[in-house]
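Shown next, in structure tokens, is the structure this report addresses.
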């Protein structure tokens, strides 16, 4: 459907009665016809489509003065471009006929300059017509009004003399103009006259004094009229006002209307205009003005008072504002009133405007045009600017009031139709187009559009079409046969509207043009609605603390992170630059230093691109409650009082409870203690009192925040003494020593003494044989001891509280016993019977209770283990003092005569005895009873190790059980495949009890086994030891080799193969500069997993090979880090090098000579030094594994230096017995000197070795990652 734009036609001007002439009213109400244009969408694919004319720029009414320019604008669009013409006062007006006019090319706009001549001839009513072959559009009708620039006529000077207290009006009477001037009353120095409630400027421009004063006398009251359109200010003749002072008291005057001067007046105003009603009154004192509506309520929303209440202004008045308005002027002398009758009418305005549209031939067109106004406007139609009454009738055309019906339209019906509504207040006009055309339908919405909606929202799927006739479209969805039957879906125009969408509504929809194969598809994607899962809480915080609001939301993952907006009482919150008040951390709001002004509702708004949700919390300032006040002690009783109080302010946190505290003073003074807690809804407490005490009370209020300060305490209250209310608790006998009775009890609290001279009355008697008489004594504290009472004798015991007033209640009687002694005898007839190899039953005869000398608590069985039984041991050796392994003591009950002991060690020697014990202790033990436990099943072997000599063999090695529990007769071996279900369990009997290994053959090399080995005695098989394993495969070279380079070394790492034996291999390397031969490292074991090849040259390319069994299984090339060392060839010809070598040779000769001299002098040096030298030289043998390890000369010297005067032997190896021989007889000596910035030397010698052995002994140590060489190059560097 094409987009239609409509522009409102007709304005609602306003007029000021009594000021502007009728001509100004007509100008303000000039009709402004609107127009509606057809806009063919830009996406519609068409070529050179003709369009009717459209007025795009309307002319405006003008009031021009003689020097003003006049310009009427009329612009229109259309295809073909429209032709313009003007009509003035109903007659054709051709701007080309007037030389003073200039016309803008391509439009109807014309301009006349005010300095080109008289402009009065252009005064009149104008309409612009824009026409092309499709019709004629008409602009609104405008008025050009011309007048001369206002001028002043010669006036007489006005001089007024007014008595003090009288009223006066200073007239202005400016020259008349269609545009009312702005009035300014000023003095001769161009300062405004000060206006007040007493001195007022009226809407007519006059200056009103409600009463004059002497200070009002002046001769320069000047009225200045400013004509804005004419750009002119006219100053009237100054007026002289003289107010002579009165010799008598100025008489007050009652109010009288100065403007309006009569009692009643009427106003006619049009709807939408502004209206001003004015009342100015005289009187002394100055009257005040009040406004009321006599026939209803004052429209407060559209009325305001100005000028000290003297002006009542209506903004955009409506019909409901019509009625009677009364102003009342009041002072101390009386009142006066004026009534305005306001009538509101309306210029024509549109209720329904006709719509421009494209139509196909044969369709029926209905144009509806409805207008309203007061009085009711008359609606007429024109076609291309010609009244329809002047056009020949057509049976296909029907006109009914504001409606035109065109049936069976054809291309000739294409035209511009004008609807005009007019009443006495003005005329409005609207253009509408009937364009009969055929255009093929097109869908303008792109195909494959995706619309995203939130669950529960409304989704609108667009399907914009265009064509003539208007295309009819249908919406379809593959999953739903009748899409429009769904109540949540409806078609509005070309759009599909889905209300309250759900996830089931997501998917693809098809929009099709009926009776064509034109369609487009749209996808609806339904996302989860945003939900706040952790909303802000209602916080109750203390002043000065921080409040933290948390607002966590769940957002559909396809949406961008949401925006969190916080509001306080509806106002947005922003983080200040200093961040002192509000701090935002993600979805958290922190309000710092909360004060009373921060209370309110805090709302968290979670806003996404498609939806928004919010949740609110609040801050309430809370604090500890104020202290209770006005404590009163009432209703005193013998041992109770009632305490009343008045609660304090709870500070927004209700009181939960009150804590009643007391300060008690009696035998001793205690601090404030809590007596009871009272619910917060109560303000009283019944308090129980103790005798012989003095009390003071106070109350503390408790709420969620904390406790209040204590209230002021009450006056001290004392209670009389009384006999004790209770006796001591916990009366008992704690007798320990024989022949004594110790009576014990819990001391009573001093608060329970109830009076002075408090004591304990202790009473006792034997339970049997002492009769009813009691032994009595008094004491002030426990315990109380009675002697000479026998051992473990029963007594009746009572303890009673007593004070000066009397005794406490009758005490309870308890039975206690005197002290115990150690038992005298041991149990008799102790015997042992075997239940199995680890359990026995011990029996004995019960003890005579009289020999226990106390309460029999039970028996103790002492069981001693002397270790396993030997092959030739005898029981006598146990008695003679065999080494004790461990001892166990088992206690029984007093009435038991037997006990089963379990957990004994089989095939072991034991000793057992039994004793009696009571509370005092243990009696003598019975005679030890020795016995031996029978054999049992052995424990598991102590260890089991697996060793695979080949792929199908496995050797098991074990150690015997720690606890054989008898004599081992052999072992049982069981094994089974664990990675194959249903495999058979294999069993091997090993009859040799001394065996510690066994080899299994013909095993499956691809399987894993579980081995179970258990010992065997005559009692049977023992617990097995279990281990899992598999045979070891033949060795294979390592895999997953990685290499990294340093400056002088290369690190190699690899992974060993699972279950494969370790193998040895070599690393061969060669410099890539074409010099040197292949070098070989020492043997490297694959189990190392790491090797460092050292002594390489920095910045040099090397070729590496890993060789096993003379076969290369891995090779690579690598370059060391660092800069390439400078070439070292040619230095042997340098003079300094030759001199250095000569000096070294000379030094060696001197040393040799000295050594021979010393050797020739037998006995001239210490034999001990020689021996130490020989030992030193032999103390470091060369092993195959460490051959080639080098140490600095300094370290050797430090090791040999043992005397303060070192010998020549200590300084050089050459003097040793073997040193010279080795030096002279070595088959191969290799020496190389490398010069750098500092001179260093190193020599090495190797003995003859053949082939591979020489290569295996190459000086590289794999176990030394970073050898210390004191700055000297290592051997590999020398060889390179």
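Counting begins at 1 with the first residue displayed.
Cβ from N, Cα, C; glycine included.
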Task = Identify the region 'Disordered' range according to TrEMBL, selecting from 707-734, 735-762, 763-790.
result = 707-734
Query = In TrEMBL, which of the ranges 1201-1240, 1241-1280 has the region 'Disordered' annotation?
reply = 1241-1280
Ask   = Which is it, of 870-893, 894-917, 918-941, 942-965, that TrEMBL names as region 'Disordered'?
value = 918-941
Remark   = When TrEMBL is consulted, the range among 1112-1134, 1135-1157 described as transmembrane segment turns out to be 1135-1157
Message = Can you work out which residues elsewhere in the same chain, 6+ from the ends of the compositional bias 'Polar residues' (707-721), have a Cβ less than 8 Å from its Cβ atoms?
response = 624-629, 631-633, 636, 639, 641, 643, 645, 648, 659, 661, 663, 665, 672, 689-701, 754-756, 803-805
Message = Counting Cβ pairs closer than 8 Å, which of 53-139, 255-343, 348-435, 627-722 has the most of them with the domain 'Ig-like' (529-620)?
response = 627-722
Ask   = In the domain 'Fibronectin type-III' (940-1035), how many residues does DSSP assign to helix, to strand and to coil?
value = 0 helix, 53 strand, 43 coil
Message = Can you work out the mean pLDDT of the predicted model over the domain 'Ig-like' (348-435)?
response = 91
